[in-house]
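These notes are about the structure you will find just below.
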C-alpha cells in the first residue's frame, strides 16, 4: 500500500456541502450511552437521525432510510437479532450500512456477532486501532472501549480488512485513516478533549454512515466525515473550560462549520 | 369547528404557576433517545420525572404517579406490553395518560399499538401533523420522525380524533394547536432550532402529561404546556450560537421563565 | 455510634489524586436515563466508563473492570438476571461492586432484587435517606426517585445496614454521610441545583464505585467521592443561570478540580 494522502480542504468542503444538501435519513441502531449525542450530531449536520430498534420495524425502516449504522456498544442477544434483520433489509434495499465494532475482541457475544456481520457487505467500518486489529483477528482488543494501540499500528489490519470484505475502513485516533485496501487518506486534527466526552467515536460512526450515502467517491466522503468531526473538535476545544462545555461547543461547531473551498 | 383562539399570556401564566405549585410526579415510558432531556425538562419546570419500565413495576407506580406519558419512539413488542399494563393501571387509578405516537403510520408495530391504545381514554395526544394524520388514518405518516405536513393541514384530523376518542389533541409545528374537537387554541412561537435538537417534541409530550394532571380547564393547561415550551425556545434561541448551546439555554429558560399575568 | 467526623480537604485531595492516577475502568450497569451523564462524569474524573449489559459479556467484563456499579433505576426482570451474573463475576474476580437502590421500597421487583443482592458483599451502597431506610426495611421508601426524608433521619439505618452486610453505606442529601457501622464521616456542601438535574445521585454511585477500587482507606475514599461531587456542584452553581448550564459547568468543575492538600 502506498503512503496515505492528506484529505484536502476542498474535498472536505465538497462532501460537507453535499451532505447538507442531501440531508440523509440515518437509521441508528446504536448503544444506550450515545443515543442523544449521536442524534444531535446528525441534526447539527442537517442529517436526520431515526432510532428504530424493533426487528420488524427496523426491517421496514430500510425502505425509508438512506443509511444504517450498527453499533454494538451495548449489545444483547435480542438486539443482535434485530440488527441482523436490519442489515439484511438494508442490503436488499441497496442502502449502505456502517459497522462500529465497539470494544470488539475480548467480549465473545459482540466479537462473534461482528464476524457474522462482516460478510454482509458493509459500506464502511469505523473503529479505533484496537477494534480494527481485533476485527482483523490480529489482536485481542483494547481495554474496555478505549484503544491501547495508536491508529497507525492498525493500518495494515485496516487495509487487509478492507480488501477481504470489499469495504472501507476508518481507523481513528490522534490521526484518522480511511482506506479501501489500496488508497489511503489521512485526516489529522481533532482534540484530546474528544476522548474525555462519551460518544464522539460512536457519533462519528453515524456520521460516516451518513456520508457513505452520498453519491460520488465514498472513500473521500468518509474521510470528510472524519475531517468534519476533527475540525469541529478543534474549533470547540479552543473556547471551552473542559469536557462539559465542550459538548455544546462541538455541536455548535458542526452547525456553523464553514470550510474554505 | 370555529377558528382557533390564541392562548393568552394570562392563561399560560395561570397554568404554569399551578404546575410549579403542584409539582406533579410524571411516569415516563419514553424512547431511548430522549430520556435525559425529558427528565431535565420536567425538573426545570419543578415537576418530577420517573422512568419506571418493567410491566409489574409500571403498574404499581400508577398508584404514586400523577400522570403517565407513553412514547412509542423506540418501541419493541416487550415494551408495548409493559406500556399497555401501565396505561390500564393509570386508567384504573384515575390518573391521566398522554400518548406520543412518534413516527406512527409507516411502521406496523407502533401503528397497531397506538390504535390499540386509543380506546383506552388518553387524556391527551401530542404529535406532529404527519403523526396526527396517520393516527386519524388520513395519511401514511411522515419521513422518519419528522413531519412532512404543516400543523394546520392536520387540524381536521386532530378534531376528528379528539371527538372520536373524547380526548385532547395537540398537533405541533411552527404553530401549535390544541383541540377537544369543538374548541381550539393556537399557540405560535418557538424557534427553528427546536427541530435541530433531538427530543423537544418528545419532552413536550411529557410536559403535556404533566399539565394534564392539573385541576381546571385541561384544554387551556395543555395549550399552556405548548406555550411554555415555545416561549422557552424563543428565549433560548436569542442568545445561542447553535443547537449545542441551545439545549442548556432552553432548560435554563424553563427554569427561570417569568410570565406576565 | 459516635458523632460523625468531617471529611478534611487533605483526605479529599489524597483520594482524588489517587483516582486520577489509577484511572479505574468502571463497569456500569445503570438505568436508561443517566447513561451519558454517568459516563461523562467518570471521564471528567479521568476514570473510564464501560456500559456492558449482556449477561455473558458482563460476566466476562469482570476480568477487565476495576469496579462495578449496579443501579436499579430502570430495572426489568431480564436486566436483573444480567446484573446478578455480573455481581457474582465481580465477586469471584475480587472486584468491588457498588449498589444504587434507586426508588427501592414501594416497587416490588427492585426491592426484592436489592434484598437478593445485599448478601453478595457489596463494597458500598449509595442512596438517599428514603432508599437507605427502605433497604434497611425501616420505611416503605420515597415518592418516586426523590427522598421524603432528610439524610440524618437514616443514619441509624445506614449504620445497621453497614454492620449487617459488612459494607459501607453512603446516605446522601443536603449533607452526605458515609459509615461502616462504627466510624462515620460527614460531607457537607453541594448545591440545590443538583436535585434539579437528573442523574447526579446515580452518577455519584458510579463515582463511589470508582473510588471504592482505590487502595487504602475505603471509608475515606467513598467520603471523598461524595466530597468531590459536592465541591464540583458548589463551584458550578456559582456561575450558572439554571440547571441547563449547570450540567456543563459541573462536568468542567470535575475536570479542573484543584484541592488544597
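Glycine is no exception: its Cβ is also placed from the backbone N, Cα and C atoms.
Note that TrEMBL annotation is computational and uncurated.
If you look up TrEMBL, you'll see A:51, A:199 marked as substrate binding site. According to TrEMBL, the ATP binding site annotation covers A:126, A:172.
Using a cut-off of under 8 A between C-beta atoms, the binding-site residues A:51, A:126, A:172, A:199 that neighbour chain B are A:51. Counting only the Cα atoms, the space from residue A:51 (substrate binding site) to residue A:172 (ATP binding site) is about 24 angstrom.
For residue A:199 (substrate binding site), the same-chain residues lying six or more positions away in sequence with a CB closer than 8 A to its CB are A:33, A:34, A:37, A:38. Contacting chain C by the Cβ rule (under 8 Å between Cβ atoms), the binding-site residues A:51, A:126, A:172, A:199 reduce to A:199. When Cβ atoms from all protein chains are considered, those within 10 Å of residue A:172 (ATP binding site) total 28, not counting its own. For the binding-site residues A:51, A:126, the largest tally of other C-beta atoms within 10 A is found at A:126. Secondary structure at residue A:126 (ATP binding site), taken from DSSP and collapsed to helix, strand or coil, is strand. Under the three-state DSSP scheme, residue A:199 (substrate binding site) falls in the coil class.
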